[in-house]
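Q: Structure in structure tokens, see below.
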């Protein structure tokens, strides 16, 4: 065991005197942290920052004006923090503290310190401390930033709820194993989900019911999660959380393997995909699966490509769940138009080219027949057609008939935001020919409008856009 291995320890400094040697910005940050935990900071320095001066004038801190003196340690000090930019002063404070067997932290000096102040993530009473032992503080700070984004405020509220009922929980579950099982159930059950939704009163009722052994029936739930267009890196933090808490994942055919790989390993994954050529799983059967597993008390994730509310039938599924009193939540995803355009270097709106964006589903002939083609033929707008590979000849014909210029540029993005991404460009006149020449297959998104010309020099992901030569029959 090496000498610099630290023992993790949280200290109660409430109403305890802590000497901070230094009056600059670093000392100010340390003092602010001490004030948050109710400590009694004594600041020793010739001068103070404006904030430290204000705290001294308002009685929040005590100021010992001058250069460090050993007598400053004769005030029932519990901890010493040396935070000056003068090594000789820091050394003097550390030597004096060591002589009196006090804990001392010298900022950025491992050798002189016998305690380190860690990087901290705070959520109410919940505190997570990270330390590199003083050897690599930037690593600790980086990890803190990662945790800050992963741990939401609901964990602080949950900690408070448990703390308020600590004695009740211990009395109800005197056996430590039974108590552990109770906590595990609450940490992964509806209580936490309600807190995330800011439904605090309902969360308290759930906890009280659990303690009274009358948990509400049907405690399972369904979460509609947008999986984005393919790249697992585009999942939101809430989507990752839901996938890691799921018991059952009902996923669409177009959800990528890389997304499924980040899910909880022991979750059951069931494909419920559809295709343009035929429905492999009926929507009614998907409804039944959600209902069956939620009523069994399981956490169901309905994982959809893109965003659940953009051509994903998410609204229908929520209406069904509401009718059957199944708790639900929705986690949005990056819809295909946004992801594919971004990965192809195409701004969907642009001051010089397009002031509006229209998202269109083209998955079957009946969908195309109901569109207002005259409106879609207007200039200075971007059109994004979803699920339109089979309907490309019809799209080309109807837009041209409605007056959209044959020279209108397009980009056809196959496997957008995935390693296999391919971007094909051309003009409306050559749309169907380009798709046939390159044997385009779903998933593919059609973006039509002047903005697509920017892909030629703004592309950054994968290979450069391709363009099929115009056949003689199409040349005027």
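Using the three backbone atoms N, Cα and C, a Cβ is placed for every residue, glycine included.
Here the structure is a predicted model, which means the values were calculated and not measured.
Annotations per Swiss-Prot:
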ACT_SITE  252  active site, proton acceptor
BINDING   25, 26, 46, 47  NAD(+) binding site
MOD_RES   132  phosphoserine
REGION    1-207  region 'Precorrin-2 dehydrogenase /sirohydrochlorin ferrochelatase'
REGION    220-476  region 'Uroporphyrinogen-III C-methyltransferase'
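Mind mapping these onto the model and telling me what they sit next to?
A: There are 19 other Cβ atoms within 10 Å of the Cβ belonging to residue 252 (active site, proton acceptor).
Taking Cβ-Cβ distances under 8 Å and a sequence separation of 6 or more, the neighbours of residue 46 (NAD(+) binding site) in its chain are 23, 65, 66, 67.
Under DSSP, residue 132 (phosphoserine) is assigned to coil, being neither helix nor strand in the three-state scheme.
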Q: Would you kindly give the Cα-Cα distance separating residue 252 (active site, proton acceptor) and residue 25 (NAD(+) binding site), rounded to the nearest Å?
A: 53
Q: In angstrom units, rounded to an integer, how far apart are the Cα atoms of residue 47 (NAD(+) binding site) and residue 252 (active site, proton acceptor)?
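A: The Cα atom of residue 47 (NAD(+) binding site) is 64 Å away from the Cα atom of residue 252 (active site, proton acceptor).
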Q: If one measures from the C-alpha of residue 26 (NAD(+) binding site) to the C-alpha of residue 252 (active site, proton acceptor), what distance in angstrom results, rounded to a whole number?
A: 52
Q: Quick one: pull the CA-CA distance for residue 252 (active site, proton acceptor) versus residue 132 (phosphoserine), whole Å only.
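A: With the alpha carbons as reference points, the distance is 43 Å.
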Q: Could you tally the C-beta atoms, other than its own, that fall within 10 angstroms of the C-beta of residue 26 (NAD(+) binding site)?
A: 18
Q: Using the recorded NAD(+) site (25, 26, 46, 47) as reference, state which further residues of the same chain have their Cβ within 8 Å of the centre of those residues' Cβ atoms, listed in sequence order.
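A: Sorted by sequence, the hits are 22, 23, 24, 27, 28, 45, 48, 49, 52, 84, 85.
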Q: Check the DSSP secondary structure of residue 26 (NAD(+) binding site), expressed as helix, strand or coil.
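A: The three-state answer is helix.
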Q: Mind telling me which of the recorded positions 25, 132 has the densest Cβ neighbourhood, counting other Cβ atoms within 10 Å?
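A: By the 10 Å Cβ neighbour count, 132 comes out on top.
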